[in-house]
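S.K.: Shown below is the structure under consideration.
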Amino acid sequence: MLQEGAHGKWTVSSSDESTEEVSDNEKPSTSSLSHAAQGGTSVPQYPCSEARKAAHKRKASPLKFIGKGFPTEAHPAEKQRPGQEGSGWCLSSSDEESEDQEKQIHKVTVKEEKNDAPKEHPLDFHQNNVLPGNQKAEEWCEAPSEAQDTWDLLNGGNPFRFFLTKVRGIEQSYNSGALHIKDILSPLFGTLLSSAQFNYCIDVEWLVRQYPQEFRKKPLLIVHGEKRESKAELLAQARPYENISFCQAKLDIAFGTHHTKMMLLLYEEGLRVVIHTSNLISEDWHQKTQGIWISPLYPRLPQGATDSAGESETNFKSDLISYLAAYNSPTLKEWIDNIQEHDLSETRVYLLGSTPGRYQGIDKEKWGHLRLRKLLREGALSVAARESWPVVGQFSSIGSMGADESKWLCSEFQDSLVAAGTSVTSLKCAVPIHLVYPTVDNVRQSLEGYPAGGSLPYSIQTAQKQLWLHSYFHKWSAEVSGRSHAMPHIKTYMRPSPDFQKIAWFLVTSANLSKAAWGALEKNGTQLMIRSYELGVLFLPSAFGLERGYFHVKDKLHSESKDPVTSFPVPYDLPPEQYGSKDRPWIWNIPYTNAPDTHGNMWVPS
């Protein structure tokens, strides 16, 4: 369907308009391998979202920016259909934008180039760091980190066990303390016996290559949410590997996804749990900002230990077992038993998951934002209960929030985020909410250029229905971690002090800003409905022995701190900077042809 607005014409598929509350990266993907078999070489060889496919297409066939002199042909704007007037996604009209400009639609002449064509980088301030077009993203870090470096990371001064992924193209000092997936699967972490990978988007061939040679034939269980064609494609990828088995997560509620990202690693020496934000594809471990929590090495319990043995003060063990049990899959029974047989008592984080279903009574507080509310009521001190302590949410995709903030964001969701102590009251947005989501310029100036937007799939259909939301938006900036130009796929939520020098709690999770991920109340608040699987870990000061009720915010992530337990490594800049009058949120399915990205290209998604 052709749509029209102040920023030109764009074509959208009718299927994109059907999902209301689901964040756009969570929409079921269509077949990709079948297209590739028909000659579509720019299509990824694994199931993924339409936004990811657009990014692959533009990487394979870039559209070079011609310059200011490129041919344009201005036409009077056609009259918009009823109900469409004013539905463009811009937040405000600048005084510098004339009415004539707003009434014009430009036809852009673009030039397609294949990846083997010579590339120019007119604005490429990273050009010494970008890879040649035909070089695979993973090749720059084929080998894991030096053994001593990895050992120091696991056993050194990182009490939070919170890490970022390595990023190609940034100052190397900012990759000190960061990890690639090959580091996580390294023999230094343990002598692997078997593993389970829970994820959303999975490239099986690539995943196998990330394991050390000696572990590649060990049993590997892949937990996924693919159905029909996409499931057949995933299973086809694994046919060459006899050691790989699958568990299909049940998704009985429409538009739900298996969005959880977790690794369970069973070793001769014990067990390890990894909860993170990256898909199992090369792009997610290359030039994006991603988060990882890595558990301690959990030792095996002595034979005959009770069921309650090996539990942590945060109830992590029983919560993890409950999460796995929610899949209701016999395939996961082996992993539940593995966890039961190990000592998880050293865990200092709280597990926060979402599983699909409709929950009432005490079950309402087991999952989603009501689970966060319960944990904050029980574990967060009232230091943050004052209205002056804001809330920060940072994410890579956005679902439909409703007609205004009272429908979900500033009602039930905010009530959960501001919970502290023994009670919570509805503050009706008295607490400032800062939502961090990249601008168009953030994406354009990123290491990947416009294709980074394939991992930020906010759609025009969703955006134009909730222009009110954009007034809460803040730019992505991460000078503190050297990752301002590495677009975020990490998702984080926190409660900072008014001066942003302290935080009352910090959450890293797979959950984007959507009702599908966090849940929405139904039946007059007596029922919580969740569509998707999500998983994250919550850091509370009390679990780290801090009675005062807050962490300090660490000034420099890659520097040693004299008091590391009290300083949390928030991976982006605080306070976040609000969008300016000319800033626009990145929207993946409309073209950007007015300025080139760092590779000299434009963005035309279709």
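For all residues, glycine too, the Cβ spot is worked out from N, Cα and C.
So TrEMBL lists these for the protein:
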- 1-106: region 'Disordered' (REGION)
- H259: active site, nucleophile (ACT_SITE)
- K261, K491: substrate binding site (BINDING)
- H489: active site, proton donor/acceptor (ACT_SITE)
- S514: site 'Interaction with DNA' (SITE)
S.K.: Just how many other Cβ atoms lie inside 10 Å of the Cβ on K261 (substrate binding site)?
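M.R.: Excluding its own Cβ, the number within 10 Å is 28.
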S.K.: Taking the Cα atoms as reference points, how far is K491 (substrate binding site) from S514 (site 'Interaction with DNA') in Å?
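M.R.: Their Cα atoms are separated by 12 Å.
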S.K.: Measure from the Cα of S514 (site 'Interaction with DNA') to the Cα of every one of the recorded positions H259, K261, H489, then give the nearest.
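M.R.: That would be H259, the closest of H259, K261, H489 to S514 (site 'Interaction with DNA').
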S.K.: Hey, of the recorded positions listed (H259, H489, K491), which one tops the CB count within 10 A?
M.R.: H259
S.K.: If one measures from the C-alpha of H489 (active site, proton donor/acceptor) to the C-alpha of K261 (substrate binding site), what distance in angstrom results, rounded to a whole number?
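M.R.: Computed Cα spacing between H489 (active site, proton donor/acceptor) and K261 (substrate binding site) is 12 Å.
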S.K.: Just how many other Cβ atoms lie inside 10 Å of the Cβ on S514 (site 'Interaction with DNA')?
M.R.: 29
